[in-house]
């Protein structure tokens, strides 16, 4: 017996959504025999329960509830995980050896940390965790209220918060509000660094300290020079930022641009070319958002792997090149104490064993680490002169804190696999651990990549719907539909 004999074809024809008709075969299951949630079931929306928020495309109040509840889940994780890290924190060990990823971010903001990146007070982290937990409860209540009790749609009762996905002016107004909020977020970091206790600067003399960034770089040639730089080699695009003045100055510019752009989008209507160029539907906006998040994730992945200014090595562990250079430096210090002439000793290839010259003539560390000759790190920069490493400083001016830090970084390279088999292959003293730098890099690459796939998927569906053709497989003439049911 064909399925449409049962009358389901009529329901299919009556199912209209913003995008296109969906065909389905009705299945009664024990848990939903008597349950029908208007506006959120397959008959009225064309989407099954596993399509998630797609069921809420045309019920703005319920979609608000889903988003607020989702925010509550995220904030709850943040608070709970912060308290978990505080409970497991061991002051005698570096943060990066304890698998912590939230306390390092809070320490970078200058809370609870002193000279050399030493954590002396975990109470601020406890406060942050509790504040997030309380906030998550408020968000959770709001999510439940709007999902279960509040109005299905906001347009009638709260026109300011209501919307139609096809209303181009309203959509750009919402975009503008989001940009203003992002700009305010950027300025919060600026305010923290300028006026509220300062931030941790790994480049502060003597091995890093909390300080006020009182003179941020505002020169647009410097700030936008990062954006226009090549992403390859030693140029490093925006990832190459190596001082707090430029980093905070960049946030000043981003804050100004986001707020100005937000006000622009709130006050104006999209131009004719923009109305023609973009697809104006809920799924299209989802695809745009996923594309933007993908760029952010992939950028963050590169940033945390290579950059030791925004992500200080005291908290996140050394970068790969930093651990390699630290190994060469550690053995230079050891053998120099034993009487080796580090300036003239040759390695097995005839190149300098401890020191050598780069192709451009600068003095660099010799051996395998020569490929990382352009590394910049706070513990090695004081030993440089006008032409690379200064031989006089190498012989007479190496400080104990530099030796200690290099030895620590040498044995904590961010090369561990997920089962904690880690370290530099040539360093028998390496510690088996997964570096937070490795973890954050790989997780953000993974998330960025799959967000990009999601962007392509939803962009393709949105464009197909806008072009007016059916998506998916036409199942009308599928043989199985004419076969006898299994039961």
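Backbone N, Cα and C define each Cβ position, glycine as well.
The Cβ of residue 381 ([CaMn4O5] cluster binding site) has 203 as same-chain neighbours under 8 Å, each 6 or more residues away in sequence. The [CaMn4O5] cluster binding site annotation in Swiss-Prot covers 381.
As annotated by Swiss-Prot, transmembrane segment applies to 83-107 (among others). Only residues 6 or more beyond the boundaries of the transmembrane segment (83-107), in the same chain, are considered here, and those with a CB under 8 A from a CB of the stretch are 113, 117, 119, 122, 124-126, 128-130, 133, 200, 311, 313-317, 408, 412, 431, 433-437, 439-440.
According to Swiss-Prot, the transmembrane segment annotation covers 148-169 (among others). Same-chain neighbours of the transmembrane segment (148-169): 18, 39, 57-62, 64-65, 269-270, 275, 280-282, 285, counting only residues six or more beyond its ends whose CB sits under 8 Å from a CB of the stretch.
Look at Swiss-Prot and you will find 192-214 (among others) tagged as transmembrane segment, backed by sequence analysis.
Swiss-Prot lists 269-289 (among others) with the feature transmembrane segment.
Long-range Cβ contacts of the transmembrane segment (305-326) within its own chain (Cβ-Cβ under 8 Å, at least 6 residues beyond either end) map to 94-97, 103-104, 107-108, 116-117, 200, 202-203, 208, 236, 239-244, 247, 365, 368-369, 372, 375, 377-380, 405-410, 412-415, 424, 435-437, 440-441. Marked as transmembrane segment by Swiss-Prot on the basis of sequence analysis: 305-326 (among others).
The annotation transmembrane segment is assigned in Swiss-Prot to 461-485 (among others).
Among residues of the same chain six or more beyond the transmembrane segment (192-214), those with a C-beta under 8 A of the stretch's C-beta atoms are 107-111, 113-117, 242-245, 248, 308-309, 312-315, 378-379, 381, 401-402, 405. Cβ atoms under 8 Å from those of the transmembrane segment (269-289) belong to residues 18-19, 57, 165-166, 168-169, 171-172, 454-459, 461-463, 465-466 of the same chain, restricted to positions at least 6 beyond its ends.
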